[in-house]
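See structure below.
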C-alpha cells in the first residue's frame, strides 16, 4: 500500500500540483535541491579561491621586479585550480590502476550511502504504510509509525558505537576485506529478512531494518579505512574527495530512482535495489580478496 500525499500533510498547499505528489516525491525534490546547492557552493568557493590567488600574484609582481633592477625576471605562471585538480585526478587514477582495491573502497562509499538513504527514507514510509493497511489512515497510524521508527533509529545508533569501535580495532590486526565481506553478508541477510516480511510490521521486519541500518554504517567506516591504507600520501586528499563525491552520487540515485519506483511501481523495489547493490559490492570484495588483489 502506497502512502498518498493527501493522507500525510495537514497544511494547505498553494500550488495545486503539489497535492498529487507523494511524500517520497516531495522528499526527493528537497534532497535534489540541497545537493544542487551544495555542489554550486563548492564550485563557487573554488572559483573565488582561484581569483583571489591570481590577484595576489599580480599584486606581488611589481615588488619582485624592483628587487632585481636591470634584470628580466621570468615569473612562473601560477597554477590554476583547474590544473591542480587535473594533476590530482591523474595521480589518483594512476593509484587505482596500480591498486584495484581503491575501486572497491570507492564502490563501498556508493553502496553504503545508497543503502543508508533507502533504509532511512523508504523504510520509514514502509512502516507507516503497513500501519495504515492494518489500522486505516489517520493520526493513530501516523503516531505509531513515528514512535516505532524513532525507536529503531535509536537502537541502531546505540549499536553503531561499540560495533564500529570493535571492528575498527580488528581492522588494525586483520585484513579489512575479510571484515567487510562478513558484515556485507550480515547486511544482505538483514535486507532479505525485510523483503520476506515487507508487508507487515513484524518483529522480523524490525530486526532486518535495524540490522541493515547498523551494519551498513560499519561497512562504510571500514571502506574508508581500506581507502586510507591503500592510497598514496600525495593523492590522499583527492581520494577522500572522490570517496565522498561517489557517495553523494549514490544518495542522488537512491533518492530519485527510489522515489519513482516506490510511487509508480511497488514499495518493494527500492529495497530490491538495495539488495542488488549490497550483493554487487560484497561479491566484488570477496572475488578480489580471494584472488589476492586486496592488500588491505
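Glycine residues also receive a Cβ, built from the backbone N, Cα and C atoms like all the rest.
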Can you dig out which of the ranges 60-83, 204-227 TrEMBL describes as transmembrane segment?
-> 204-227
Counting Cβ pairs under 8 Å that sit 6 or more residues apart, are there three or more between the transmembrane segment (239-257) and the transmembrane segment (101-128)?
-> yes
To the transmembrane segment (101-128), which of 148-169, 176-198, 204-227 is linked by the most Cβ pairs under 8 Å?
-> 204-227
Can you say which of 148-169, 176-198, 204-227 has the most Cβ pairs under 8 Å with the transmembrane segment (269-291)?
-> 176-198
